[in-house]
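S.K.: In case it's useful when we look at the structure, here is the feature table from TrEMBL:
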type: TRANSMEM; residues: 37-58; note: transmembrane segment
type: TRANSMEM; residues: 70-92; note: transmembrane segment
type: TRANSMEM; residues: 98-118; note: transmembrane segment
type: TRANSMEM; residues: 139-163; note: transmembrane segment
type: TRANSMEM; residues: 169-190; note: transmembrane segment
Amino acid sequence: MISILVNALGNALTVSLNLGSALWTASSVNLTQLTAIPLDVTLFGFGVAVIFINTIIVHKVEWHRILGNLIFMVPFSYLVGLITQLLLSFGINELPLFVRIILDIAGISLISMGISIYQRVNLILHPVDDLMQIIRFKYFKGNATIAQLVTFAPPVVIIFLCWLDAQQIYAINVGTVFALIFQGTLVGVFDKCVFPALKHQHLFNEPREVKRVHLSGHTQVRN
């Protein structure tokens, strides 16, 4: 629950400041602006779509994984919308530019921290972060930086398509560039410095013992 609140607060900060959100959130904002669909509904819809993608990648239907994704999305989508409106009512987007940039970067960092915590617990995850974890350990030997960059490909395409139609981009700014470059790396850093005793577990339901080797910048998983 703590990690969900941390992640929701980080996303709400970036949305309300409009100085650049994490790319999945930014793509949701752009689709919301294009279609007038509420942000919480768009976030939930993207989550459902990614659940199908995750199922294809792992080559099987894992109902406990899907249920965990859905349980995560309901409070998360609601909290992002609620906290965003609350922050806007406080006039957070009227603060001096320098302060808003610092808060936006703090928001991206909070998102990375939340992802790090609940990926290691691995009970309930947002589908997007589940996707990042799946490809991180399935294809990239635990490298969070590369996995995060690959996970960002779909929202980049969505943002581009929205721009083609509307000729305007929302929620893309300093924070988006910071997220693109550093979010995956920050997840790896928080793996080591926030609850460091908490290790990645229950990866792909592997029956054999998983040995974890901490390398510079990422965690490698060996069987």
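Start at 1 and count along the chain as shown; that gives each residue its number.
Cβ coordinates are placed from backbone N, Cα and C, and glycine is handled just like the others.
So where do these features actually land, and what's packed around them?
M.R.: Long-range contacts of the transmembrane segment (37-58) within its own chain (CB-CB distance under 8 A, at least 6 residues past either end) are made by residues 15, 24-25, 27-29, 31, 65-66, 69-70, 73-74, 76-78, 80-81, 84, 126-128, 130-131, 134-135, 138, 204.
Non-local neighbours of the transmembrane segment (70-92) in the same chain are 4-5, 7-9, 11-13, 15-17, 25, 38-41, 43-44, 47-48, 51, 100, 103, 118, 124-127; each lies 6+ residues outside the stretch with a CB under 8 Å from one of its CB atoms.
Outside the transmembrane segment (98-118), and at least 6 residues removed from its termini, the chain residues within Cβ reach (under 8 Å) are 2-14, 17, 19-22, 72, 92, 124-126, 129, 132, 173-175, 178-179, 182-183, 186-191, 194-195, 198.
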S.K.: What else in the chain is close to the transmembrane segment (169-190), if you only count residues 6 or more beyond its ends and a Cβ gap under 8 Å?
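M.R.: For the transmembrane segment (169-190), the sequence-distant neighbours (Cβ-Cβ under 8 Å, at least 6 residues beyond its ends) are 14-15, 17-23, 25-26, 29-30, 33, 101, 104-105, 107-109, 111-113, 115-117, 119, 132, 143-149, 152, 159, 162-163, 217-219.
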